[in-house]
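Enquirer: For reference, Swiss-Prot lists these features for the protein:
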- Arg16, Arg66, Thr97, Lys158, Arg262, Leu263, Arg264: GTP binding site (BINDING)
- Cys23, Cys27, Cys30: [4Fe-4S] cluster 1 binding site (BINDING)
- Tyr29, Gly70, Ser121, Met192: S-adenosyl-L-methionine binding site (BINDING)
- Cys257, Cys260, Cys274: [4Fe-4S] cluster 2 binding site (BINDING)
- 7-221: domain 'Radical SAM core' (DOMAIN)
Amino acid sequence: MQLLKDKFGRVHDYIRISVTDRCNLRCVYCMPEEGLTFLPHEKVLSKDEIVSFMELMVQFGIKKVRITGGEPLLRTDIVEIVRGLGAIPEIEDISITTNAMYLAKKAEALKEAGLTRVNISLDSLHADRFQAITRGGRLQKVLDGIQKAEEVGLFPIKLNVVLIKGQNDDEITDFLKFTKDKDINIRFIEYMPIGHAGTSWKEKYLPLDTIFEACDAIGFEYEAVDSIRGNGPSENFRIKGAKGTFGVIHPVSSHFCDSCNRLRLTADGYIKACLYWDEEMNIRPFIHEPVKLMQLVQKAIDNKPENHEMALKLQDEVQSNKPTWRRMSQIGG
């Protein structure tokens with residue numbers, strides 16, 4: 001098998017597929033509150049295009065898929081997309097990232113279709129604040145979604161917490177306590193200068209050393225734990241006596257570019273080899289032309305930088321506010 005390897009020796013076996021750029025929320029770090037223009041439906045990859053693409057990609061070593069958005073559960077055919085991917089025997093793991101507003105309703109069908117596990121965005125445990133950060137989200141719906149995911153066996157459940165200075169950094173302790181009684185993995189993620197967030201990221205950025213300082217301040221003893229299924233770049237820890245774990249993902253202050261094994265496919269059919277690099281290849285016209293398609297995929301990988309620009313900003317102490325041109329919801333979270 002010919003593997004998808006870049007010039008730095010990194011083998012790519014994981015792809016994140018955005019199935020829509022639309023979302024029912026407007027999280028402050030992801031999308032502006034208004035003035036948005038979304039892709040017309042005919043510009044969005046169809047279920048058959050996604051499945052056909054993956055039937056080819058597995059022949060080159062891709063074996064893990066994460067479905068993202070926008071909010072992927074807005075797709076009326078999301079269960080059929082999962083079912084189509086689940087029918088490809090070479091795919092070992094299918095996961096989804098969701099805001100969980102519709103997860104309680106769809107978790108069972110998704111599990112039956114072949115979904116392996118779920119990541120849930122949850123940036124506050126206080127209902128009013130959660131509603132403010134998401135501009136309309138209902139915390140109880142997320143909690144119901146978590147419970148349903150547990151019931152149907154989507155495991156491990158991971159909660160993604162974007163740490164925002166002055167908005168939710170006083171909840172670190174609450175999130176840590178959340179792991180004591182629940183077998184979940186809470187992942188604290190640095191605020192990144194992507195798209196809409198790029199205009200204000202310096203003011204809202206908080207280094208993740210804050211997490212460990214919070215543990216020390218309240219006397220929580222913690223230890224590193226072995227890899228969690230699908231843990232990716234997260235460094236994981238467990239508070240003594242806790243059922244669950246917590247992790248830190250620091251793409252800004254301590255990048256993990258040297259071990260990056262992922263590609264991204266946008267909802268409109270562009271391959272991106274690096275989240276923070278604007279270069280991308282339009283592969284949609286060649287979905288049914290495997291030779292040409294794989295040439296474009298390999299070209300994107302060949303052009304992949306050794307490190308992303310966020311790392312360079314900190315190394316050079318520039319920390320400019322220049323964002324990428326696509327919003328996170330357009331790239332795929």
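Glycine residues also receive a Cβ, built from the backbone N, Cα and C atoms like all the rest.
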Enquirer: Could you say whether, by DSSP, Thr97 (GTP binding site) belongs to a helix, a strand or a coil region?
Expert: strand
Enquirer: How big is the Cα-to-Cα gap, in Å, between Gly70 (S-adenosyl-L-methionine binding site) and Lys158 (GTP binding site)?
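Expert: So the alpha carbons of Gly70 (S-adenosyl-L-methionine binding site) and Lys158 (GTP binding site) sit roughly 18 Å from each other.
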Enquirer: Between Arg262 (GTP binding site) and Cys274 ([4Fe-4S] cluster 2 binding site), how far is it from one CA atom to the other, in Å?
Expert: 8
Enquirer: Taking 10 A as the limit, how many CB atoms besides its own sit near the CB of Cys274 ([4Fe-4S] cluster 2 binding site)?
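Expert: Its Cβ has 23 other Cβ atoms within 10 Å.
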Enquirer: Taking only the residues in the domain 'Radical SAM core' (7-221), give me the average pLDDT of this model.
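Expert: So the average pLDDT across the domain 'Radical SAM core' (7-221) works out to 94.
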Enquirer: Leu263 (GTP binding site): which of the binding-site residues Cys27, Tyr29, Cys30, Ser121, Cys257, Cys274 have a C-alpha within 10 angstroms of it?
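Expert: Checking Cα-Cα distances against Leu263 (GTP binding site), the binding-site residues within 10 Å turn out to be Cys274.
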Enquirer: So among Ser121, Met192, Cys257, Cys274, all listed as binding-site residues, which is physically nearest to Arg264 (GTP binding site)? Use the C-alpha atoms.
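Expert: The smallest Cα gap between Arg264 (GTP binding site) and any of the binding-site residues is with Cys274.
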Enquirer: Return the member of Arg16, Cys23, Tyr29, Cys30, Ser121 nearest to Cys274 ([4Fe-4S] cluster 2 binding site) in space, with distance defined Cα to Cα and candidates limited to these binding-site residues.
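Expert: Nearest candidate: Arg16.
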Enquirer: Once the DSSP letters are reduced so that anything not helix or strand counts as coil, what is Cys30 ([4Fe-4S] cluster 1 binding site)?
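Expert: Where Cys30 ([4Fe-4S] cluster 1 binding site) sits, the three-state DSSP reduction gives coil.
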Enquirer: Closest to Arg66 (GTP binding site): which of the binding-site residues Cys23, Tyr29, Cys30, Ser121, Met192, going by Cα position?
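Expert: Its closest listed neighbour, by Cα, is Ser121.
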